[in-house]
Amino acid sequence: MVKLYCAVVGVAGSAFSVRVDESDTVDDLKDAIKAKKPNDFKDIDADKLELYVAKRDGVWLTEADVKSGVADITGLVRLEVVRAKLFSVGLSDEVVSEVDAQEEAAGRGPVNVLVVVPMKKRRVDAGVDEERRFFDTRDFPPLLAPPQRGATVESPEAQWEKLLNSLEWKEPKRLCASSGQNWPYQGESELAGHLVEPLALHYTAWYLQNEDKQNHAINLVLSGPGTGKSRMLDQMKGLMCAAAARSNNRKLKERMENAFVFSVTFENGTSATGSLLDRDNPEFDISYRMLYQLSKDRPNWKKFAKTLKSYRSLELDIEAAIGILAKLKGIDDVKKMTVILCVDGLQKLVNDGTKSCDFYRVLASVCSFLNSSRAFAVCVCSATIQSPVDKALSDSPQKRVFLVPPPLRGHEVLPTKTRIEKQLVDDMGGHGRALETLQLFLSHYTKDQLEEMDPTWMFEKVCDALRLQYGDIFASPFFQDPYNCREVLAAILSRRRYKLFDRIGRTDMTVDCLRSFGLFRWGAEGHLECAFILLVLLMQKLPKKLGEVDNFDDHLTRTVLVWQRFEQFVAFYRRVKSIAYCETPVALSSFHAGARFGAIQDIIITEPTSRTVVEALRQEDTKSSSDDSTCFTNRDGGVKISDMDTIVINGASASAGDLFMRVQLKVGRQNVQCNEVIQCKLLQTKQKIHEDAYAKERAKAANESSDVFLLVTPAQATEFDLPPRCGLVSANEFGRYFGPFTSRAYRSFLEPPNINTASFHELRRLEGVGDATAAKIIAERTIRRFSNLEDALNRLVPSKKGKTAMILSRMHYDDDEADL
């Protein structure tokens, strides 16, 4: 047997002894200490005691050292391995030697073990003030005694006072620190409406002291980077106040208006370090950051956390942090308080999908606090990815509310002055970080400079800036593969309804993972959405045939940056689909997703190759025929449509279809070749497409027994049944059909560039103009403005024939009235 002398850290008084066998374990020693002091360690499990060998620099501490209390355990060896034998950790009978009687009488007898006692939580007995709720001073009477003069120890009482003196109530710093933090907040009404019912249920359950998880909603803001998660958390008090007002519960409304907000983050200044601050207490990663918000001097985060960790006698969990705030504000009962706890950047925590990982344990601790908090607490957590959240809560009935930041209406936060600016704002797809990036770029230039700037150069510079902001997308090996880009593009164009954890096409990428890159959204109806500017970068990476790259990239540039006639735009959109679905059988309804069709069940379309766009020089019949050798002539020569590699734009003012091409269908088990004809119809304001008008357009453009016919118009349409293989894209279907291309489609309805005001770069990018013609136009208009087409023809093309004359006829002149 060995006799060990022990003392409690932070407690002044005499040491006490326990008898154990030197072959016993550390766990046995904890049991012996607990048994020796049953009153002092009341309600504390033996395994929660922390033991240290009381030897510093090879010398035992003495009874005299511990009589006034010991607080500093720096440099002492902690006995952490519960199975370790006492003789193996320096506590054998041989090592723990006795001293003579005189040494003992003088108080110089050795103390072998120091005991650190974890503090009890939430003592709520009547008569116990707030200060004593966080360490039970009644169980340790010496804790209430003032420190003795000259003593170097810090009792829990002293640590408590020191901590309180270093803190004060402070409103949280904004989690969103970027340039968009002051933009008017959008979508508040919709979000508040989503919160009304769960907030009211949570409050009622808290008031009735019902801790059932199904009544207490954890609010989860889940969306990709740069979409407004941090901004939503900054706005959370306003959202909760709006929701409470709608609940018609006066007390709830008053509580939310007077709520204290804690905003903690695992990014920026208090970023996660790859491991929890305390493996045994995941709450500390939240509560320490809450207290950091209250710090008067705001020291370095790591230094602050280290200071809190040194207060071993104070168990500073989330409830304790709220109790400290109550003490600072002079609130006598925590139940009178309302707290909104916002936790940003959970995805930064270590996550391996297990219940022992940091992500799971921290989220679980927040939920545990939410369900049993003495104060009325609302908890909101954000992350860029949802799958680990679902895994963490998969076995729990915890009620959860998913909040998605709404797309921004870019023109409301970023005023524009030029046509290219307006288009670029649309291209950001309502993503906050993308709009901030664009705003910074545009701020360096005046309106005149922007109007003279090459749109191609401007677009590329904006893309370069976005690459820095969204590095994960552009550096990802996934997006280096052209076939992956094609699968993603097809997923967007198809308007297919995805579940969050569905895979994209034939890739291993899930919708949730794709969304976590940023610039992608998973819409409310399950559709995959993407900012147009990213869509352009995806299209640039599409697999293309040899010799087709320059042709497609030039076509893409003109479509993205230059005004085009509506039929030119629709032809490009159809071309993109031919590349996205190349060699992939797909339902005709999915190929033309968003359009309204008649009977097309069991019809599959296969694009055998990607297509190019050609323009016929004359008006051609667009109905299919048995003659597979039919050739049409454009400026580049003959075109054989039976090769199924072209989209033909018909000659000007054609009475038949505006676009046509030969397609391969499979109807049931039968393979069929026919024409696909697209008619682009612009109508005067308030005119509608009705059944008779539709039938006339179809009759002159398509073979009614075999061809696929699609009428595309921005006008409204009356309700009528469509014939088999016939489709309609009207005002009701327009946005669904064109998706992220919609703003480009609407732009084609605007008047063409004005010949007297268009910049050199705007003119040269018009199809068929080029540098020489653009320079000639600018030189002539500096002499005198062009009044009308006749004036331009006389001065630029005296013969009034040829390609240039046709191009000039498509421009806008001072005498023209805008024909929208």
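Cβ from N, Cα, C; glycine included.
Annotated in Swiss-Prot:
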- N268: N-linked glycosylation site (CARBOHYD)
- N371: N-linked glycosylation site (CARBOHYD)
- N703: N-linked glycosylation site (CARBOHYD)
- 125-820: region 'C-terminal DC effector domain' (REGION)
- 754-791: region 'HhH DNA-binding domain' (REGION)
- 112-117: motif 'HVLVXXP motif' (MOTIF)
- 1-17: signal peptide (SIGNAL)
PLDDT averaged over the residues of the region 'HhH DNA-binding domain' (754-791): 83
Are there any residues in the same chain, six or more apart in sequence, whose C-beta is under 8 angstroms from the C-beta of N371 (N-linked glycosylation site), and if so which? E211, D212, K213, H216, Q398
Pick the one among the glycosylation sites N268, N703 whose Cβ has the fewest other Cβ atoms within 10 Å in this structure. N268
Rounded Cα separation (Å) that holds between N268 (N-linked glycosylation site) and N703 (N-linked glycosylation site): 64
Pull the DSSP breakdown for the region 'HhH DNA-binding domain' (754-791) and write it out as helix, strand, coil residue counts. 22 helix, 1 strand, 15 coil
Secondary structure content, the motif 'HVLVXXP motif' (112-117) (per DSSP, counts of residues): 0 helix, 4 strand, 2 coil
N268 (N-linked glycosylation site), DSSP three-state class -> helix
